[in-house]
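Heads up: the structure comes next, in structure tokens.
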Amino acid sequence: MVNQSSPMGFLLLGFSEHPALERTLFVVVFTSYLLTLVGNTLIILLSVLYPRLHSPMYFFLSDLSFLDLCFTTSCVPQMLVNLWGPKKTISFLGCSVQLFIFLSLGTTECILLTVMAFDRYVAVCQPLHYATIIHPRLCWQLASVAWVMSLVQSIVQTPSTLHLPFCPHQQIDDFLCEVPSLIRLSCGDTSYNEIQLAVSSVIFVVVPLSLILASYGATAQAVLRINSATAWRKAFGTCSSHLTVVTLFYSSVIAVYLQPKNPYAQGRGKFFGLFYAVGTPSLNPLVYTLRNKEIKRALRRLLGKERDSRESWRAA
């Protein structure tokens, strides 16, 4: 069946019934996007320039920052255009590209956050063997697996979603082209797509989240066996930032991809979708830097607020 909507594209409704809210959201989204660009670029730059950040933890953090930059850039420019003006259309090709990239990068983040939880588990529970277990080659392998698996997932799910028989009104009740909103737009049988969405949600959302919780459960047990307040504070400082990011990201993803079928849940899902597409990438740099002394020190050096010689910089 030929997709009748492909010549004209789609109409992204967003919150078009509330023009005043759209103006406010434009300012919020634009500000968040700027914070995302500046914050994540700084983390990548510091991870490259500062030798003490040449470790697995910051390798994965810089990978997450690069991912967040791509993640937001794939959808925010189109979102800003739709929020600012009366034109809220997106071409079929544009929707296809956005869906493919957004789905791939979102899946990558789910897997990468799991890898980072494993890294923190080894750092806390196996500190003496950390360098042996989490070596540079393994870091590259784990990061590559995350990107390749997400690419395969997007290659499988994107075509089947775009080949649905869409309703003639072509109105997507969302800010961007996502699998759940496109399934709701279909006027045909969506049983296969709903099963596919459920299976992929279990594999790439439920399973990674379960592994993250299991790793932190094991980490908590190991920390409780240590009768040292200093060790507790160090373990908390090591894991709290990542656990905060996991909570923000996964709570939003679950609200979008595992929501019940009712109008209230779908309306609420738009807010959560907006948050995990725009909010979490802008908050991630803040969360990771607020309690991280190494990144703070590197940032002060980059800004010239610490007058260290070139030799002390290299020695660090």
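Each residue, glycine too, has its Cβ placed from N, Cα and C.
Swiss-Prot assigns T89 and K270 to topological domains bearing the same name, which places both on one side of the membrane. The transmembrane segment (138-156) makes contact with the transmembrane segment (56-77): 3 or more of their CB pairs lie within 8 A, with pairs spaced 6 or more apart in sequence. Across the topological domain 'Extracellular' (1-23), mean pLDDT in this model comes to 69. Most Cβ neighbours within 10 Å among the disulfide-bonded residues C95, C187: this distinction goes to C95.
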